[in-house]
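If you look up Swiss-Prot, you'll see Ala263, Ser264, Thr265, Gly266, Ser267, Gly268, Lys269, Thr270 marked as ATP binding site, on the strength of sequence analysis. The annotation compositional bias 'Basic and acidic residues' is assigned in Swiss-Prot to 19-28. For 29-39, the entry in Swiss-Prot reads compositional bias 'Basic residues'. Per Swiss-Prot, compositional bias 'Acidic residues' is recorded for 158-173. According to Swiss-Prot, the domain 'Helicase ATP-binding' annotation covers 250-446, on the basis of sequence analysis. Feature annotation from Swiss-Prot assigns domain 'Helicase C-terminal' to 501-653. Taken from Swiss-Prot, the feature region 'Disordered' applies to 1-39, 142-197. For 219-247, the entry in Swiss-Prot reads motif 'Q motif'. According to Swiss-Prot, the motif 'DEAD box' annotation covers 379-382.
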Amino acid sequence: MVYGVSKMANKNRKNLKPVKSDRKDRISKNHSKKKVNKNSLKKVATTDITVNANELNWKSVDIPDTLDDFGGFYGLEEIDGVDVKVVDGKVQFITKDNKNVKKEPEQVEEKDNIVFQEDDEDVNMDELIEFKNFDDIKEGELSAASDDEESEFHVSTEEEGEEGEEAEDQEEERSEKENVKGEAGTVVTEDQTNDDLLQSNVFSSNVDIDDQEPPVLPEWSENMDLSFTVLKGLSGLGFTRPTEIQLKSIPLALKGHNIMGKASTGSGKTLAYGIPIIEQLIKDTSNDRSIGLIFTPTRELAHQVTDHLQKVWTKMNKLNKYTILSLTGGLSIQKQERILKYDGSGRIIVATPGRFLELLERNPDLIPRFAKIDTLVLDEADRLLQDGHFDEFEKILKLLGKARKIKTSIDGKPTGSGWQTMIFSATFSLDLFTKLDKTSWKILKTAGGENNEMEQVLNHLMKKIQFKSKPVIIDTNPEHKVTSQVKESLIECLPMERDLYVYYFIMMYPGTTLVFCNAIDSVKKLNAFLNNLKISSFQIHSSMAQKNRLRNLEKFKEQSEKNSKVGKPTILIASDVAARGLDISGIKHVLHYHLPRSADVYIHRSGRTARGDNEGVSVMICSPQESMGPLRKLRKVLSTKKSSNPRKTKWQNDVPMLPLEPDIVSQLRERSKIASELADDEIATKSLHKDDNWLKKAAEELDIELDSEEEEKDQFLARNKTKKLNKQLEKNENKALKYQLNELLKMPLRKDLRKSYLTGGLTNLADTLVKHKGHNSIIGHDKVDALQTLKGKKHK
């Protein structure tokens, strides 16, 4: 029998349609068309079947473990494709599908509802594959179709109106399955038995070391027992020696100890827990069991951790690209569920708690799978376990722990004792989480009076996490909360001049700069402000879609590489969504547009620079009101523990002021003012348009008329709208300001405007211009570096 069924939807019997001989678009132009006698195909329609309730093939409803109460209903059964009618007070069940009726021993069930009778003389089975145009056939599709069973031929019969998202998802699923089958482009041999054997042992024999030279990494191999695969991956990435946290934690983790690790930002904590998990993955001979589960507080950090581990794992193993898998919100949950069903996928999971809990609730069958893990990791654990952030994680631990106790053994080993737990962060101090604008600085603990700080934090964490044994505490940065490679500085200004001094810093010290703001509106406004000044800037914040965040990060990295070659600045403006864990190479400066709300946020913000062995600069832009309040408390918390005499060091002298040049600031002031007005106009216009669209859409959904007077009666909406309208500019005024700003941008900046001649003064401007030396943006100014300036080296 012949059916016109798409290969990707052959399981959906609703897509079955009679084959039509007049569909020219399904027949190849390069092949001869063979006519099919219309009378040779006869459609035999099925009839309605009336049955009793006991004769139906009911399916039981499984109660998921994620539901504490199911309303008292248990033992429920359900069935699809059955109509219910009441005739003369009697209930009748009517179905058209014999599958819904229980089979009798002597009955033979038909496979399809529509049966075609064919005339062998008029129809040739081999030529029915011609229904698809050769221009639409993709590479390898014909060979894949030829491997199907002889009794079925899959030919697409989807109508043009039915194409779209469904066909797109099916094509994506097909490509994903091809990637899972062979990422390295392996050749399938005729001996299917040998092929299956190789696939089943793919992790146990991951590298052919006969043709590979062993990497020379003595500092790694002498201090810890690592496999050839990991050493080769580290060598390819250029990691010739371990960092302090890696040197102390990896040997203990390989032995199965629980670890609580504290290290400064950029010190390699990801590989400190990632390498032991990869070693477990290499030694494990199974192909479906999940080995490790890693939780991160943000989506961007989860994708970054996944990328780092994949670079170590896949450098020598071109296998399944989904072996190390990230599960985060903002991306298609259906795609993530589909990938988890592939063989060998999800051996190591990197997830955010919210999306992971959602997956467990949607598919309870995943709970026993992830309950078999060997290692649980909490990256940036202090953030995950703060009050208000722990509810989702607590539910996950409860579900996995309950399922783990039910399982008796894994490969003959008892599983009730729990899993290995590793928690890492750069901040483990309870004082760091206090709000700087609400806590009195007098009650903060003094420097040097907290010798057992890590023990206190551990006792706090053990109330929330059930460790199978007490963790080993590893603190590689006990004296400093902010790494010593970060040089801190301060700019004091009026609250309305923050934009001006951001612009000054960028022009004076061009490079790759990351600017942090406390509010999303400030991120949007500052991004528009810098774009008006012709500066390459990008933004990421929590209101953006996840794909847009990742896209902006990629654009920022690409643009920074281009601008660094010509000495131009590249700016990334972010809310605190990017403060933790993100490892963006080349960040020279971190600007705090607003003072952070807590000390731990400041530490993680500053840690986006000075990654690895590099040094960086962290600059706070602070108003006078902040200086006497939050700034004082921040410096009190961050003061060095083991200072020889901490009371004699005033908090005002703890952070040096950034040197400013008033003549340069005065030249930038007018530019900044105009750019700020244009940015306010742009943001207000977009916001008003968005509000109007939202109100219209809400009125349409409620089927009511939108009354403008009702909006005026609402004082909050009216005040907000008036505030935005006051920031808007007329079209002519907007054009005039843009023209004025462009003219100002064409004028070069000069170090000293009082000079009448190029060759006058201490600096020969003519010589500087001819020889192309000196500052790229300021004529007569030497090239300056913020790091060297703060180190004490004077530049003219």
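Here the Cβ of each residue, glycine as well, is placed from N, Cα and C on the backbone.
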Positions whose Cβ lies under 8 angstroms from the motif 'DEAD box' (379-382), at least six residues beyond its ends: 269-270, 273, 294-297, 301, 305, 423-428, 432-433, 457, 461, 580-581, 600, 604
Number of other Cβ atoms within 10 Å of the Cβ of Gly268 (ATP binding site) across all protein chains: 21
Remaining residues near the recorded ATP site, that is with C-beta within 8 Å of the centroid of the site residues Ala263, Ser264, Thr265, Gly266, Ser267, Gly268, Lys269, Thr270: Thr243, Ile245, Ala272, Ala426, Gly607
Cβ packing number for Ala263 (ATP binding site), 10 Å threshold: 23
DSSP residue counts for the motif 'DEAD box' (379-382), split into helix, strand and coil: 2 helix, 1 strand, 1 coil
Other C-beta atoms that fall within 10 angstroms of the C-beta of Thr270 (ATP binding site): 24
Chain-internal residues, separated by at least six, CB under 8 A from Gly266 (ATP binding site): Thr483, Gln485, Asp583, Gly607, Ala610, Arg611, Gly612, Asn614
Cβ neighbours within the same chain of Lys269 (ATP binding site) - under 8 Å, at least six residues apart: Ile245, Gly261, Ala263, Asp379, Phe424, Ser425, Ala426
Protein Cβ atoms within 10 Å of Ser267 (ATP binding site), excluding its own: 23
